[in-house]
Structures are given as structure tokens and as C-alpha cells.
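**Student:** Starting off with a structure, shown below.
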Amino acid sequence: MIQNKIESISYERVEIPLEVPFVTARHRVDSINAIEVKVRLSSGLVGVGSATPNEVVTGDSMESIIHTISTKINPSIVGSTIDNWENLLRSVRTSVFGQTPAKAAVEMALYDLRSQLFNTSLTTMLGGAKTFITTDFTVGLSAPVKMIKRIEAKVAEGFHSIKIKLGESDYNEDLELLRMLSSKAWNGISFRIDANQAWTVQQTKELIDFLKQSSLEISFIEQPLRADDLQGMRNLVAYSDIPIMADESVHSVNDALKVLTSGAADLINIKLMKTGGISEAERINQLCELFNVPVMVGCMIESEVGISAAVSFACAHDNVKYTDLDSIFMIRYSYSGNRIIRIKEDKIYPFIRRGGD
């Protein structure tokens, strides 16, 4: 129908200061920096999406996202009809090599439009398995004493799962934090360890041996080795009773296939900014289901719009075992949700429908 023709794509920069700097083994973030995208139909209906750059993981910047949307994606889809759905998504995917955050933002907006046209929620449109997700809270790298205090504060706020960023240049600092952590009682609290590719196989095995003897409940160890070291990851999977998760190793369904066929992970972390959007995330999750490998839905340091799409995707699929969608809890100002999503302690609920509210 002519009223479903894509009329324009617009965007704006968004910057939201974080409560404290977010530090990993690979980079430091002081603010949520995002490009928020609006795709408008000739009928006047508007869909929203968001892109967050991460030069370390996806190789993008704010400028490259704007350039990609303006010069590559815009001419590929403006004037097309949203009714020709598969061709439309293909046009976004093939408009440029890489540049996954830009593609993800436009895809989010297109999926948002489609859910409005079908008068349903994105979660329902994708599968509708759950009504909410429970997220962890990620504590970034700092001095061990400071990290312990922040963990205690977030547990007091109602979080039941804490992800800990490790991967200090001095490996002994990582072990010291875990020793301090294990000396305390954490009733009902589980921990997730993320080294962001910082360790060797031997260091990871040493840490696994320590954790086996501790009282800590560890859900998984995320990407301990370099993204391309699948042999090392496979070695760890065979060695460890604690599940090993692949994150930076998997950006696409082809990456996932390599990881799964080589037995290099017990779990896979899906992020829309890595995959280029919901459609590729769907394919990765479907492949993981075939291999009986659960997934986690994670995020970069993203705005509410990006988190909303990820929450909807996570709610739609039973194969999503974990969620790490916590950036909206990291901002400097108190956040209690609005018309896109709502939160209660560590639970995030997608709204039934954005377009008609």
C-alpha cells in the first residue's frame, strides 16, 4: 500500500552521563553516546531505533554511524514499501559491509513500524515467550575494594545477579578481587565473570580451579580468551564445570556456526549492536537452539531505545537463558522507565505497544 512507503530517515545524537565511568579490560565509557533514528512512513507513522558505537568491538564511531545511515542505508530503502519485508531487511543488511550498529538502529525502527502496523508488540510479533526479563548489573573494573562496595550497593538495590568485569593488566588483581568476594556471604546472589579476552588458557584454568573451591555461585565465565582463539575456548569448555560463554567471538550466524561446530562455547552472547539488528540475532538464536546451546542477550552502553528492542527480543525467545541489559541503570540520574519500557528492581518489562500509546 502506498501509505506504507518509507518517506525519510532522520537521526539525532544523544549523550547521557553515567553515574560512574564504566571500565573494562578493553576500554572506558563515561556517557551513553547514541544515534537515535526515526524512520517515517508516508502515512506519518514513525518507528524508532538506536545505534551505540564501540570502536573496540564493532569498529564504529558516532561519525561512521551517521555517514553509513546517510550515504548507504538511506538511499537503499527510502522510497521502498515496508510491505515487502524480507527484501527491505535484505537491503539494509547488504547496503554496506560491517557497520552493524547503524544497520541495527534502522532495523529496530523498521521492526517498530511493523509491530505498529500489526497493532501488536514487538515481543508478540517475534514469539511472545515471556512478559519480562531479569537483568544482571555489571560492575566495571576499578580497585577491588571499590568494586566490592559497588557490588554491595547494587545487591542492596535489588539485583540478584552481578556481572564482574575482570582482565586487569595485573592478573593477581583479578584473583585478589575474587578472594575478597568469596570471603563474604552472598545468599541468593549469583555472579558472572567477564574478562573481555584478557586472559590466557592457563590463567583461566587457574581462576576456574579457585572458583571451584570457593562458595561463590558462578553462572558463567564470558570470553576469557581472544575472540579468534576457538581452540583455546574449546580447551576451556572441556576443562571447566563452569559454563564458558562466547561474546566477541560471535558477531554473525557464520561466527556462531564456527563456535558451535568447534565446541568452543557452552553459551553465546547475542548483542544487537554486534549482529546488525534483530533479523541476524534471530538467525543466531535459531542456530543455537539447534545445537541446544542457550544464549544471553547483552548490550553495549546503550540508550533506552536500544535496550527496549533487546528486551523485546529477549522476552520473545525461550532459548534466552540470561540477560545483561543494564545500561539504563548506570546513568547519573534516577531512572524509573517511561512509555517504552518499565522497570522494577532487576526486572524489565516491555510495554505492550509503543506506537499507539
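Glycine too: its Cβ is placed from the backbone N, Cα and C atoms.
Caution: TrEMBL annotation is automatic and unverified by curators.
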**Student:** TrEMBL records Glu222, Asp247 as Mg(2+)-binding residues. Which of Asp174, Asp194, Asp209, Asp266 is assigned to the same site?
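**Tutor:** TrEMBL names Asp194 for this Mg(2+) site.
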**Student:** Using CB atoms and a 10 A radius, I'd like the single residue among the binding-site residues Asp194, Glu222, Asp247 with the highest neighbour count.
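**Tutor:** Answer by Cβ density within 10 Å: Glu222.
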**Student:** Count up the helix, strand and coil residues in the domain 'Mandelate racemase/muconate lactonizing enzyme C-terminal' (144-243) according to DSSP, in that order.
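**Tutor:** Taking each residue of the domain 'Mandelate racemase/muconate lactonizing enzyme C-terminal' (144-243) in turn, the totals are 48 helix, 16 strand, 36 coil.
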**Student:** These are the active-site residues: Lys165, Lys271. Which one scores highest on other Cβ atoms within 10 Å?
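**Tutor:** Compared across Lys165, Lys271, the most Cβ atoms within 10 Å surround Lys271.
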**Student:** If you average per-residue pLDDT over the domain 'Mandelate racemase/muconate lactonizing enzyme C-terminal' (144-243), what number do you get?
**Tutor:** 95
**Student:** Using the recorded Mg(2+) site (Asp194, Glu222, Asp247) as reference, state which further residues of the same chain have their Cβ within 8 Å of the centre of those residues' Cβ atoms, listed in sequence order.
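**Tutor:** Once Asp194, Glu222, Asp247 are set aside, the remaining close residues are Lys163, Arg192, Ile193, Ala195, Asn196, Phe220, Ile221, Gln223, Met245, Glu248, Asn269, Gly298.
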